[in-house]
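Chemist: According to TrEMBL, the protein carries these features:
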- 10-518: domain 'Major facilitator superfamily (MFS) profile' (DOMAIN)
- 12-32: transmembrane segment (TRANSMEM)
- 44-64: transmembrane segment (TRANSMEM)
- 76-94: transmembrane segment (TRANSMEM)
- 100-122: transmembrane segment (TRANSMEM)
- 134-156: transmembrane segment (TRANSMEM)
- 176-197: transmembrane segment (TRANSMEM)
- 335-353: transmembrane segment (TRANSMEM)
- 373-390: transmembrane segment (TRANSMEM)
- 402-422: transmembrane segment (TRANSMEM)
- 428-450: transmembrane segment (TRANSMEM)
- 471-491: transmembrane segment (TRANSMEM)
- 497-517: transmembrane segment (TRANSMEM)
Amino acid sequence: MKERVKRRLTYFAVIVFFLLEGVEYAIILPTVYQYLQSLGGEAYQLGLVISAFHVSGLVAAPIFGKFSDKRISTKWLVIFSNCFEKVGNLIYFIGGDKWLLFAGRLVAGVGSGAAATMFAFLARVTEDKDRTAIFSLAMGARQIGLLIGPGLYLGLRLVNLKLGAVEINELNSPGLFMTLMWIIMDLLMVFLFWDFANKTDDGVKEIAFARHFCCGVLKSNKSPSEELAFHFEDGLQTEIYPVTFLSGRRLSMNTVSTRGNRQSIMHRVADIAHIPTITETFNEMRENDKNNAPYDTTNVNNVAESEETERANGTSNNFLSISNFKRFRHYFKKTVITVLLAQFVTLFNQTSLETLVTPYTEEHFQFHTFENSLLYLVGGVEVIVGFVIVRLLSKKLQDRSILLIGTLICVTSCVWFAIFLVQPMHPYTWLLVEFAVAVFLQLLGLPFVAAAQASLFSKVTPEKDQGLSQGIRHIVGGVAAILGPIVAGAFTGQLYGLLATMIVFLVVLLVLMGVSFKSLNTNTCSISGNAEHNEPSIRVTD
């Protein structure tokens, strides 16, 4: 089978995975309260059952992500995580006791942590220029699942039969349905999913080349210095002679290939320039150069050798190891903090508004279940259209621009809501139009922020740690999804307070984006010509 066909089938399996995540959320939620009441549960236990799924998912996401960073097969990692989904939904189906419902959702939530592994996989196998489009597709698939979930529930309402001693009805049938769906998902993973090599990998040889080349330049007393490295392309050893010189503002590299396609080699060296090990080392070297301070090349070489030794001996799991210290230090950079804040703001505002909408429409428009369902249906369609727009714009705009556009739209929506809707002054028809505009703007901005921040986060964090990184992003989003309804509930009847909170978060995000906007440029590496040697060169600019 051709690799292009395998890749398309793999993407199909990934899309189905996210689709089922959306379906599960939408098919369980409408019945869980009535199911709980039928077993003698109380109102406060509804929050426990719903939050159990999210909390266990938060804990599981970085764990699964860490395993995926260890190059454990994504296929079998997801199949393993689906075991929790199947067992959890089966417990939910069997029921019989209110605490079994809690246990079922708690166990199923562990399986939801595999979403971080899937995003990490997509980050590893997609090029930077294609990643926003692919992430938009995955997020859009989940949104489609949220839309078709209620439709599937309408069919399950008609179920009324017995399976042995267990009665199957509209309350517990969603659990059985999702158990079967996750079994089908396992089959798709087995037959349609392939673990592709990382996009910059021919093994880990290019990373090794980057590290040794960097250390060689630092140890050299000559300027320019020459370092002989080996590049493996299609199984053949290709020799590359990088010639470097260090200036105050940029590092330029000319390469001469003794064998193989020159343009292909240049693109691969361009990929290497993105590796954080390279850029961080040279950034530090530039700072020392500006301060006329000598650079401790011995220490750099020792660090590189230490990382190689840890990897060879399997001791990099030690939390105090040099590689792990550098890995976690990376998450405190302003670019990473900015993108994580965007993730938090996206889900906090979304869940806050979801909590706000139902009581608001009931009070001012006398909407009931049917009208609110139509509102959520139309809103879901708009979000899907928004992801399609983002997918198209990603071919023309950088992630940072898409993120900025989405944030500004969300700010406009909150300001509009505060001006026209907190204390309505217009008649019913005009108020309904004003409400529709506010909801339209908010739902239009969300896909821009959601897709752009997910794609950006995969680019500002190390590729080798994508599993852990996506797990951290999942935790931040989960905390926001839990806090959003709580804060919105606390501000019931005080909409100015809720909107002020949302606007403050958005303004802080805009400020951080302004500070780090230049650093969020994902096109930091470009190929251009060298006038003196008439050879292509690669420049890693500040």
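Every residue, even glycine, has its Cβ placed from backbone N, Cα and C.
It should be emphasised that the depicted structure is a prediction, and the values quoted were computed from it without experimental measurement.
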Chemist: Given the transmembrane segment (134-156), which of the listed stretches 12-32, 100-122, 428-450 has the most Cβ pairs that are under 8 Å apart from it?
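Modeler: Looking only at 12-32, 100-122, 428-450, the most contacts with the transmembrane segment (134-156) come from 12-32.
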Chemist: Pairs of Cβ atoms less than 8 Å apart decide it: which stretch in 44-64, 176-197, 428-450 has the most with the transmembrane segment (76-94)?
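Modeler: Highest pair count goes to 176-197.
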Chemist: Do the transmembrane segment (12-32) and the transmembrane segment (428-450) share at least 3 Cβ pairs under 8 Å, sequence separation 6 or more?
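Modeler: Counting Cβ pairs under 8 Å (6 or more apart in sequence), the transmembrane segment (12-32) does not reach the transmembrane segment (428-450), since there are fewer than 3.
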Chemist: Given the cut-off of 8 Å on Cβ pairs that are 6 or more apart in sequence, determine whether the transmembrane segment (402-422) and the transmembrane segment (335-353) share at least 3 such pairs.
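Modeler: In contact, yes.
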Chemist: For the transmembrane segment (428-450), which stretch among 44-64, 100-122, 335-353, 471-491 has the most Cβ pairs under 8 A?
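Modeler: Comparing 44-64, 100-122, 335-353, 471-491: 335-353 has the most Cβ pairs near the transmembrane segment (428-450).
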